[in-house]
Amino acid sequence: MLDTNFSIVDYLVFVSLLIASSLIGVYFWYKSRNTATNAEYLTGNRQLSLIPVIISMVATFMSTNTLLGMPVEVYQVGTQMWLEAVSYIIAIVLTAEGGIKAVIWTDVLQGSLMFLGVLVVIVTGVIETGGLKKLWDINEQGGRLKFFNMKVDVYNHDNFWNVLIGTTVTLSGSYSISQSQIQRYCNVGSPQMGRRALYWNLPGIIVFLLMSIMCGMVIYAKYHACDPVTLGLIKRHDQLMPYYVMDTLSQYPGLPGLFVACVFSGSLSTLSSGYNSLAAITWEDLFKDRVKLKNDRQALIITKLIAMSYGFIIIGFAFLVGNAGTVFQASLALSGAMGGPIFALFLVGIFYPYATAPGALIGFLSGYGVNSVLAIGSLVIPRPKVSLPTTLDNCPVDVIQIVFTRFETLPNSTYIPSYDNVEGLGQFFHISYLLLSTIGFTICIVVSVLASLCIELS
């Protein structure tokens, strides 16, 4: 029977992470308390070494969205998302042209814990399954092993084209224009070191991606014949990973605590980077030239207050994304909806010499407007729940007894194996979340070029 209680060791592991993360920030604050400047807070005076910056870049991208969401994608629709590793390579190759120090060194700690937590899940899962061959066979028999599904289909996200095109546009934008990434390039001493950090970040991010896919295969091997979502033991597929950890690792004191620390590490690394980056861009673009201050220390205080304010705002937004699919789907849909048009806006400015400010603005608003309508429409008119089949054929007796006590019968799955019969408004609103970035990207470029051309001719 599932044990949902933490042991004392689990609590100690989890609390230790929170304390260690806080102490890193306190250390850098104390070290620079008399000499701190806004430039040091935002860019580390461009003196950070290469290794922590590389680890920080990996930790920022490989967040809780990947840690919890990628295994769910594998469990539901298979391993086709492995192709995101190719998109990382393309994006990085295209891209190579107490403040941030605390953020980066905290990322080093949290990134290390993320790798360790995922590794523990994989190793224990492979052992429990009976070896790598048995793991592979179970996933193959269940239709989860997908590597080159070449079907052209804009409504499902388990095919080659949607994954490659959608994630390439999203990741290229993230690495090329994302403030959190650009800020890390600026933390090292030169453009050459920035490019080096970018390339050396690639192995780490691909390894973590493949490890997350492996976690999904382990979870499917465990529950393919006794699906806890169908049984109602958990409400959402996003809960599969924590459920698996408590179900499997609770016999080892400390390991569930390590996993929860790993999940929090993913969240903290992304959030700390995001707050610092938002504070940087807000200060530089909106306040720096409009607010007269007596000294740089006042600028530092304002920047910290901006970062804290964004923290409260984002906590509020967290309550609004509950209906946006799984964690992984929601994160890619939201980032793609805005990221695609912004990336296109930069490319128009760089490569189209006849671009005008009004024309580019019209293009951006067009791309973002269409993406916003698609995103909101998918929330108002939810798409059917898609997941490849699982069974209840091999459930333990104690689990069956729990389910009968709750429901008086064995429930049936409400998921469909593939979204093929798209009707009505779903033909417009239910386009795969992977393609949002590409749609906005394309519309922004086309409309910007045409609008700028019309303005010049008039």
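From the backbone N, Cα and C atoms, a Cβ is placed for every residue, glycine too.
As the structure is a computational prediction, the values presented were derived from the model and not from experiment.
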For which of the residue intervals 160-177, 232-249 does TrEMBL record transmembrane segment?
160-177
Counting Cβ pairs under 8 Å to the transmembrane segment (327-352), which of 108-127, 198-221, 359-381, 431-455 comes out on top?
431-455
In the same chain, which residue numbers or ranges, 6 or more beyond the ends of the transmembrane segment (160-177), come under 8 angstroms Cβ to Cβ?
61, 80-81, 83-84, 86-88, 90-92, 94-95, 148-150, 152-154, 198, 332, 335-336, 339-340, 342-343, 346, 432, 434-438, 441
Sort out the residues at least 6 away from either end of the transmembrane segment (359-381), same chain, that have Cβ-Cβ distances under 8 Å to it, and list them.
323-324, 333-334, 336-338, 340-342, 344-345, 348-349, 425-426, 428-431, 433, 436, 439-455
